[in-house]
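Following: one structure in structure tokens, then a few remarks.
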């Protein structure tokens, strides 16, 4: 049961990390992060923080936001790749790797939140200079949802970090590993609990193997020879 619970946490972590990458990719493709209204009789144009330093809005702060978003995309890809390697056991799932994934998730979420807040500040700052008003679109809300997903992923990694480890440093429970090995070898152990005050029997363990079955005719022949000699 513990092993199943750990695998569910890992799958949930992978789910949030994968959707973060999907929403970041959608944010790159869709350029309608904000609608900028140039004037009463002028058309409305769209703007995205991935496109900076346009003739309409020549600001160095937008280039900083773009660079932060590139770092966020790179860290999110590394985080998802590391979680995938852990989920498929391509790398050992130790406490060090879980700390690394948790730190990557929190760092990526903080950087993305800082980039979004800075973008809002730049929009308010350029409202009276380059355009008359602005309106944010739904893609910014998905970006804030990415921040929530990254923080949830970090907390899930910390939750896995609190799981006990065995001697090899892996977070797979020892009991689950033993049961898997026993199932592979076809060995089953049944534990029978005796009531209190019952005396322990001498020996109730009987071994039945293929070797004993093969040796049983030879033993019968030896016993027959002994009986014949006695007669």
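All residue numbers here begin at 1 and follow the chain in the order shown.
The backbone N, Cα and C atoms fix where each Cβ goes, glycine too.
Look at Swiss-Prot and you will find 1-13 (among others) tagged as topological domain 'Cytoplasmic'.
Here Swiss-Prot flags 14-34 (among others) as transmembrane segment, drawing on sequence analysis.
Among the features that Swiss-Prot reports, topological domain 'Extracellular' is placed at 35-67 (among others). The average pLDDT the prediction assigns to the topological domain 'Extracellular' (35-67) is 80.
Long-range contacts of the transmembrane segment (68-88) within the same chain, counting only residues at least 6 positions beyond its ends with a Cβ under 8 Å from a Cβ of the stretch, are 10-11, 13-14, 17-18, 20-21, 24, 28, 49-50, 97-98, 100-101, 104-105, 107-108, 111-112, 114-115, 118, 150, 153. Among the features that Swiss-Prot reports, transmembrane segment is placed at 68-88 (among others), with the record citing sequence analysis.
Annotation source Swiss-Prot lists topological domain 'Cytoplasmic' at 89-97 (among others), citing a curator's inference.
As annotated by Swiss-Prot, transmembrane segment applies to 98-118 (among others).
Feature annotation from Swiss-Prot assigns topological domain 'Extracellular' to 119-135 (among others). Sequence-distant contacts of the topological domain 'Extracellular' (119-135) (same chain, six or more residues past either end, CB-CB distance under 8 Å): 33-40, 47, 49, 56-57, 59, 61-62, 65.
Swiss-Prot lists 136-156 (among others) with the feature transmembrane segment, giving sequence analysis as the kind of evidence.
According to Swiss-Prot, the topological domain 'Cytoplasmic' annotation covers 157-231 (among others), on the basis of a curator's inference.
The feature motif 'RVxF' is assigned by Swiss-Prot to 225-229.
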Helix, strand and coil residues within the topological domain 'Extracellular' (119-135) as assigned by DSSP: 7 helix, 3 strand, 7 coil
The topological domain 'Cytoplasmic' (89-97) - residue tally per DSSP class, helix then strand then coil: 3 helix, 0 strand, 6 coil
